[in-house]
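Notes follow once the structure below has been shown.
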Amino acid sequence: MEILMTVSKFASICTMGANASALEKEIGPEQFPVNEHYFGLVNFGNTCYCNSVLQALYFCRPFRDKVLAYKSQPRKKESLLTCLADLFHSIATQKKKVGVIPPKKFITRLRKENELFDNYMQQDAHEFLNYLLNTIADILQEERKQEKQNGRLRNGDVDSEDNNSTPDPTWVHEIFQGTLTNETRCLTCETISSKDEDFLDLSVDVEQNTSITHCLRGFSNTETLCSEYKYYCEECRSKQEAHKRMKVKKLPMILALHLKRFKYMDQLHRYTKLSYRVVFPLELRLFNTSGDATNPDRMYDLVAVVVHCGSGPNRGHYIAIVKSHDFWLLFDDDIVEKIDAQAIEEFYGLTSDISKNSESGYILFYQSRD
């Protein structure tokens, strides 16, 4: 059995080497971006959900730059962030241009910190993205708090942040955080009340044969609060019918959009996949911004897509397609291939609902031009 495993691993390594060599030739020495590296990630038993998100984040340049800058800081105790920084640094400093890296240290730490990921079952890529970004933000805030307590902040001995105040935003927030405003208008007195809510990614409902722009408009559709759902108006001092809608008040540097492709079916007692065809353009402008939004005409470029292949949340596979400089790459665990921009259309989804098994965009990463 052990000999068979060794032979299998050797064959896999040979395949990886051949794939890497082919990729380097296809891009060509003159076109290959300076100081760029394209490395696949070894799958440690259904860790494609993790590999695909890590590849997408690596090619979100503002995020990559911050993680690499963190690596250059004085050594800290091991955390998920230090393991991520080590992985990104390992990719960025390879002598070879293309190849394969085992993210073993990161996976080991992830499984140690969160029992949800401590098994060999398929996990949800969006849940992992959410967990990773929030964990990194928590680590950075805790480190800043410790620095303040130790009196190492440059702004002197004055601690402007008491225990009950909101922590300062981290670079995770600076890159991914946007703000939604929830507007409610009383239909009796016309008073508008609004409540702001921060987000690191937006989850949007999907419909058949639509676009991501349509999904975002649906996200901001006006909802009527009536009957038992009436709104308590402070001005009227009673429950009234009202209109409620959600709009984007602050656009993030990188807009992460999660397409809600998994729906719980009561008759089946399980989640099933909505393989609907949802077009996501290479360029995006949001039209559901609030009146007081800063830079409402901000343009975004698609930089990465996490794709779900299969028929359900706990079955199937995840891959990533990313834009690097002027071309697109597909990362399928340890395999890396160059693809045409037109090939992205293959990941929109299916026009027919008959076949649920599909390769469809699940998390989209759009980067602001400014």
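The backbone N, Cα and C atoms fix where each Cβ goes, and this holds for glycine too.
So that you can see what the record holds, here are the features copied from Swiss-Prot:
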- 1-4: motif 'Required for plasma membrane localization of USP12/WDR20' (MOTIF)
- 39-369: domain 'USP' (DOMAIN)
- Cys48: active site, nucleophile (ACT_SITE)
- 146-157: compositional bias 'Basic and acidic residues' (COMPBIAS)
- 146-168: region 'Disordered' (REGION)
- Cys186, Cys189, Cys233, Cys236: Zn(2+) binding site (BINDING)
- His317: active site, proton acceptor (ACT_SITE)
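Features recorded in Swiss-Prot, as mapped to the structure shown.
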residue : record                       : DSSP (3 states)
Cys48   : active site, nucleophile     : helix
Cys186  : Zn(2+) binding site          : strand
Cys233  : Zn(2+) binding site          : strand
His317  : active site, proton acceptor : strand
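Residue density at Cys189 (Zn(2+) binding site): 12 other Cβ atoms are found within 10 A of its Cβ, drawing on all protein chains shown. The recorded positions examined here are Cys48, Cys186, Cys236; by Cβ neighbour count within 10 Å, the least packed of them is Cys236.
Sequence-ordered, the extra residues of this chain that approach the Zn(2+) site, with Cβ no more than 8 Å from the Cβ center of Cys186, Cys189, Cys233, Cys236, are Leu187, Thr188, Glu190, Thr191, Glu234, Glu235, Ser238, Gln240, Ala242. Across the fold, the C-alpha of Cys236 (Zn(2+) binding site) and the C-alpha of the residue listed as 'active site, nucleophile' stand 54 Å from each other.
Spatially close to His317 (active site, proton acceptor) yet at least six residues away along the chain are Cys48, Gln122, His308, Cys309, Gly310, judged by Cβ distances under 8 angstroms.
Residues near Cys233 (Zn(2+) binding site) in space but far in sequence (CB under 8 A, at least 6 apart, same chain), listed by position: Cys186, Thr188, Cys189, Thr191, Lys239, Gln240, Ala242.
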